[in-house]
Amino acid sequence: MNKGIKTKFITKDILKSSIIGAFTKLNPRYMMKNPVMFVVEIGFAVTLLLCFFPNIFGDEGNNLRLYNGIVAVILLITVLFANFAEGVAEGRGKAQAQSLKKTQKDMQSRILSDDGRETVMSASMLKKGDIVLVKMGELIPNDGEVIEGIASVDESAITGESAPVLKENGGDFASVTGGTTVVSDWLKIRITSNPGESFLDKMIALVEGASRKKTPNEIALNTLLVGLTIIFLIVIVTLYPIAVYSGVRLQISTLIALTVCLIPTTIGGLLSAIGIAGMDRVTRFNVIALSGKAVEVCGDVDTMILDKTGTITYGNRMAAKFIPVGNASEQELIRYAVISSLKDDTPEGKSVVELGEHLSGLHQEINPGMEFMEFTAQTRMSGVDLSDGTRIRKGASDAIQKYVQELGGFIPKDLEAQVNEVAKLGGTPLTVCVGNRILGVIYLKDTIKSGLVERFARLRAIGIKTIMCTGDNPLTAATIAQEAGVDSFIAECKPEDKIALIKAEQSEGKIVAMTGDGTNDAPALAQANVGIAMNSGTSAAKEAANMVDLDSDPTKILDVVEIGKQLLITRGSLTTFSIANDVAKYFAIIPAMFMAVIPQMKVLNIMGLSTSYSAILSALIFNAIIIPCLIPLAMKGVKYKPQRSENMLSHNMLIYGLGGIIAPFIGIKVIDLIISPLLALLGL
Amino acid sequence: MLQIILILVIFIALIIPMGKYLYHIAVDQHTFADPVFNRVDNAVYRICGIEKKEMNWKQYAIAMLVTNVIMVLVGYLILRIQALPILNPNGIGGMEPSLSFNTIISFMTNTNLQHYSGESGLSYLSQMMVIIFMMFASAATGFSVAMAFVRGLAGKTKSMGNFYVDLIRITTRVLLPLSLLIGLVLVSQGVPQNLSANVTVQTIAGKYQDIAMGPIAALESIKHIGTNGGGFLGANSSAPFENPNVITNIIEMLSMMLLPGSCVIAFGHMVRNRKKETKKGKEKKVLIGSEAKPIFAVMLIILIMGVIVCFAAEQAGNPILKQIGLNQSMGNMEGKEVRFGIAQSALFTTVTTAFTTGSINNMHDTLTPLGGVVPLMNMMLNVVFGGKGVGLMNMILYVILTVFICGLMVGRTPEYLSKKIEGKEMKLTALGIIIHPLLILAFSALAIAVPAGLAGISNPGYHGLTQVIYEYASSAANNGSGFEGLGDNTYFWNITTGLVMFFGRYLSIIIQLAIAGSLMIKQPVSESIGTLKTDTRTFGISLFMVILIIAALTFFPAMVLGPISEHLTLWN
């Protein structure tokens, strides 16, 4: 989970812009979007008014002006804290957008007209369908498809990956992104998006949070918070006449203080920050979620469809075992296998050297007299001729057998059985011979990416089913599936099988996630509830998906799912905390309100708060400072450990529910101890 | 205390088979009594011309509303013209318009708030044609909507059922037979059942006294079976003719607990995922469906807590009376019947408000302040079993709320019974939860702010506030018990409580049906170990806390100024 770019939690720039933002966001038109905090702002306005004209609502009491002033200041700070939280979350995204924007500076581009003439014009004038020529060292002006040429392109501006990628016409390598640089040769590109709609534009808008829409869960939670706010407003508004009947004339600012304490300001103030931070966490993994909803849906994923090659396995076959045949020894086999692979730069060759040296403990050097043969499709073998005339070959079993027989050698009886055994396990057998003598078989295996077995176990712990899709035969597929620990697999899988599988899972009410890159994955990506396209993939795939992984690392889907869950857990936990806080606040403020007229009420003052004023102000101050205290939690998300839902619920309920009941009792008491001597000095 | 435990045990033993029976009726499964009732029902369908067409939630709600409105109109007319000499041996006059409005709303909404006294306010025709009829009709209405609601939640059918069919099935198969049985038992214990005029007798003291007569047993049985609570006589179940002895007292308590308790059991059966539970061989015999367990546990725990508090407070007696030399070892017997004592009275008080019946066997006005908190709290929560069916529906609102919060905490879009809880459901749930405190607090605040309201308060100070809040809590919860002492037969009180009863009943029901209707058509989501389980202890505790913090604490300020202040001053 710590793979993302590590930055300091808060930088000076972010701090500065957030503080400024906290004030500019006080604009009521902006505040109205957050009803809970809007109520606090109205409360601030009223108490501010009462600070200058303490008696307009007929309030009585000594030092009323000062008291109202203090309440007004605390309310203002409460709103500022909430705005600040949002600012910090946005700031982190903005910093990233800034660096993206640098690549978007105005560039010139060469447009080719139908008759082949070149015209130079500003990139911002380009329309969809225009054809441009981009030469070495130039920026690609906008998203497009390569229609002619072959070139390497540096995509580091978007992906952060410094190695250039090859782009050519046709296939999976035709799509290019605006803002990337051609570093060799030239490309003729058909532009596929209008100005302002490019991938880069979308990314900037997303990370800036400008186009952030409230997600369905956020809307539902917001509805709940508004509902609670209304209930508490009813409580407070009706409390005034009820108190008057009982002979208590409550001060307006005290009623406002109680309102602000009871309405869920903690979650109300942090809600949008949590959402923005969730998107930001995804972005930090170099995954661009095309909507907040997509991240949220990830939390609900029931089934994950993963391609075998590239996602579960490295896609390269690696040496796993040396199996001697006939009268050869394992040491002998290893020695010759390693020598034959010394100059073999393919991953398979390297892995043979690595494993061989590891097993034998010997290190082999390349001698100048060695003559290496490359693998060709005709010979289907590679090898080396030593200076003493020894010929070592390794390759497909039937090719080696033919080679040995031609040299007059014979085939060991157990070779056939060993080769079949390896094939049965889903591996590739490489047969090794020296001269006309067959030494044995190298077992090349499709290797599972490191750490994946544990990740799948994590997924199983939270009830997510994993299905592996592969073009391999059922036997090979079963071996890999068992080794990786996926729940099921589909062998000899065609693209249409994937769609059928997704549809079947969805008809059972399951939420399906998948990754894909090729054009033929596009329909499946669109059908899946969560589709993550690889940035290296075709633009059709990217368009169909709801997330794009800039690093083109299919295993990222696992991280994104956890981030989605964490986002929801953070929201739920802070809501619980916010609501649970009310218990202590009731016990702080209600006795304080009535103690003067009904002295017996002091029994309810279980915290033993010193005076009415200090009780009310302590509760209000606690309510305000809890917001910045929880900003780090809102940004980073609640700690997430995969486990059964019951355990997760009890765990979180204990911390945020029970903790939410207890914490304010302690907090309010401590604040009371600090502020009561100060208030006494002020004469309150 | 032993008698209280015994009654609770019998209660649980009774509702398990009764809940299963209700379940069979709700899902139209075969029951032992079908041969008889099918004929009766079919005859009714034919006479009324009822087509058994399936309804969606809107059609169901409209059918329910229209049926109730027609009943209200006919009932109102009868109350106004009851002076006619039909079944009116005592020569009772017509009822005043605002009181008629209040009475008819009160009985149609299953509230049974009475601003009149039965002996002097109603003719036998009105008692039978309006009061007893409404007691059946409103109870059956409550059951029907609850069944439709649960069908929606269970999502096993494509429709919410047919209101008319539900109404008739419940009446013929549950309410009528049970009422007949209980009625006969009550008659055997001395409850009158006749149409004679009141008898005037000369007492030993030489004074003259009217002895009330009438079809009391008939009313008494459905009054409790249907959790109605409106007495034939002004003194309700504290009058010897309504509730002669401890046996009838226990029967009456059990009758009002029976059906609301069974509703929870029936709910458990209706939403049970049979496929999941039959995996291990043959179908298990289920007493309480797993989904109903936490709900039932929370209801039972709040009920028991209420009984304990009420019993302890009443047993502690009144310190002021002690100071002036009155022995309080029997507890606070003011306003209680000697034949029932503290235990039977405290239990009756708790039960009648928890199950929102509203009949009383002691004067709630004279309960100790803390003892009075219990009935008040029960009505403010309105989820401690509650009235037939509607209590369960109210509880489900809090379940949805809890599911939403807990669901987020396990990192998934919240889902209940395999249906996602989204913006629309949350909006309706929030509305449904707001209505209750809004009605109680806003009208209470109004009443103590205007002279017309203040005029009704007979006991100024904290107790007067409690009287007012109690009256509206009783109306909003469709309970109907009176704190008494309030001079409530005035235009102000008749009209405001009438409105509170009306909105408290129908707004809630419509919102709840809308929630069920919305959940019904959603595609069920699949369940895994990552899904929030709503049948666990943790969920039960969470539900309890949500009810405590959101439902109970809402009324904390008002409670503090009313009964809690009264208690604190009394004991200091």
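One-based numbering along the chain as shown.
Placement of Cβ uses the backbone N, Cα and C atoms for every residue, glycine included.
Just so you know, TrEMBL annotations never went through curation; they're auto-generated.
Per TrEMBL, the feature transmembrane segment maps to B:6-23, B:60-79, B:128-150, B:170-191, B:250-271, B:292-313, B:389-410, B:431-457, B:491-521, B:541-564.
Most Cβ pairs within less than 8 Å of the transmembrane segment (B:250-271), among stretches B:6-23, B:60-79, B:128-150, B:170-191, B:389-410, belong to B:6-23. Ranked by number of Cβ pairs under 8 Å to the transmembrane segment (B:541-564), the listed stretches B:6-23, B:60-79, B:292-313, B:491-521 are led by B:292-313. Two recorded stretches are said to be in contact when at least 3 C-beta pairs lie under 8 angstroms, sequence spacing 6 or more; the transmembrane segment (B:60-79) and the transmembrane segment (B:491-521) meet this definition.
By the Cβ criterion (under 8 Å, sequence separation of 6 or more), the transmembrane segment (B:431-457) is not in contact with the transmembrane segment (B:292-313), since fewer than 3 such pairs are found. For the transmembrane segment (B:6-23), the residues of the chain that approach it from at least six positions outside its boundaries are 29, 31, 174, 250, 253-254, 257-259, 261-266, 268-270, 287-288, 300, 304, 347, judged by C-beta separation under 8 angstroms.
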